[in-house]
Amino acid sequence: MIIHFSSDDVYQALKLSYSNDEHFKKLLEVLTLPPLYTTLRINSVDNDPDNNILLEEIQLHLQKQTDALCRPEYNMFIHPVLKDCLLIQNRGPKTIDVVDKEIIVDLSCGMAVLRGAHVFKVGIMGAPMSLRAGDVVSVYADLDGHCLKGTATCYSNQKLFVGNGVAHVSRSDLFNSQTLQSGIGILMTHPVYEAPSLAEMLSVRISSQNLPSIACVYALDPQEGEIILDMCAAPGGKTTHIAGLVGDKGLVIALDKSSQRVKKMETLKKKNIEMYVFDSTKAWCPGADGSNRPPYSPETFDRILVDAPCSALGQRPCYKNEILLNQLRSYPVIQNQLLKTAVKLLKPGGVMVYSTCTITKEENEDQVSRLLATNPQIKLIHTPYKLGGDALPTCDLSSEDKSKVQRFDPSFLYSDDKDLYNVDTIGFFIAKFQKLK
């Protein structure tokens, strides 16, 4: 199975980026599958004596999960390069026999189950009239989005089996109750993919973050005492990672134009993080007053992260994408505006990292090519660790520059790569630049 695009124009536009049809087909297949590694970031500094205690607590929590569900223990280890990245090896796909009672959940709920979540009541769309708490049920994700809330008959449209579980509620609890539905509706005892449930495990010390997102901050390589700008900061995972590395003497300015998204970030706030609701494309102003509030004077920041808004086509698992061609084409415009502003705000000798969680050439390699062609004071440089692959062969970058970027392409999990955890990730892109003195 490959991702279904509602717009054939989008499919054809993506295909043009890939010279090899087999490569493109494999990529679209892999993007429907969940990664076989769960990645967590430990919010601590090197040699923190509490790290070992924290790891023991995580191991104990995982053991409680596996014991309760009669599963083998998960293999857990620290990434050999990204020292604050904890990897937990998931399992699957497993062959599960379906049962008669069928539960239909919405697509986002089904995708969450594939990554280790249980089914929350709010995600349940359909259930048989006879459903009672304690019943063993088979859970399916609605791939078409046509299942009406409260459906009681067998769903005949496209659906994806995600595993079996035990109902914690009856049908009347789900659809006849006047109270707001919350909490677990189905405990997934036998999912097709076994992965740890993170809801009870995350804390101030532990964050759920994809491996390339962690690698992105390593590429930025923030240093103690620096002033760093995160131009598109929400939801804040990279912001807090940077803040932990620059220390109390450094400062991270986090901008996002969405007031709601910034408000959600308030729980992450630290002494060395200042958050502002602001459109980063307008963050440069020659006559700025020199304060920490935007906009800013030219050459203000030591390092800048441009984790840009993108089409997010690298996210996994994904079975259906409804993006339209005009939406797809709008992202490179915004990305280019952000990069042009970032160049002006960066100090001479400063470092800038550009990243996306998408797979298109237009949003990745083409942005790098355009920036280099129009800004002679900017050069592309190698990242400290090369975990991703090279640029797409169809792009305009030189052979040397193709090797400097990092393109995380999960289709290569079909190869014999010994470090599978660096490959079996979401689709992601990282490019690092330096402004000449």
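Every residue, even glycine, has its Cβ placed from backbone N, Cα and C.
Where the annotation comes from TrEMBL, it is an automatic prediction and has not been curated.
Note that the coordinates shown come from a computational prediction; the quantities given were computed from them, not determined experimentally.
What TrEMBL says about this protein:
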ACT_SITE  C357  active site, nucleophile
BINDING   C232, A233, A234, P235, G236, G237, K238, D256, D307  S-adenosyl-L-methionine binding site
DOMAIN    131-436  domain 'SAM-dependent MTase RsmB/NOP-type'
Quick note, D307 (S-adenosyl-L-methionine binding site) and C357 (active site, nucleophile): C-alpha atoms separated, nearest Å, by 9
Taking every pair from C232, A233, A234, P235, G236, G237, K238, D256, D307 (the record's S-adenosyl-L-methionine binders), the biggest C-alpha distance in Å rounds to 13
K238 (S-adenosyl-L-methionine binding site) to C357 (active site, nucleophile), Cα to Cα, whole Å, comes out at 13
Same chain, |i - j| six or more, Cβ under 8 Å of C357 (active site, nucleophile); the result in sequence order is N210, P212, S213, C310, A312, G314, Q315, I426, G427, F428, F429
Min neighbour Cβ count (10 Å) across binding-site residues A234, K238, D307 flags A234
Residues near G236 (S-adenosyl-L-methionine binding site) by Cβ (under 8 Å) yet at least 6 apart in sequence within the same chain, in sequence order, are A254, K264, M265, L268
Long-range Cβ list for C232 (S-adenosyl-L-methionine binding site), cut-off under 8 Å, min separation 6+ in sequence, same chain only, gives L255, D256, S280, V306, D307, A308, P309, L338
Same-chain, non-site residues whose Cβ lies within 8 A of the C232, A233, A234, P235, G236, G237, K238, D256, D307 Cβ center for S-adenosyl-L-methionine are D230, T239, A254, R261, M265
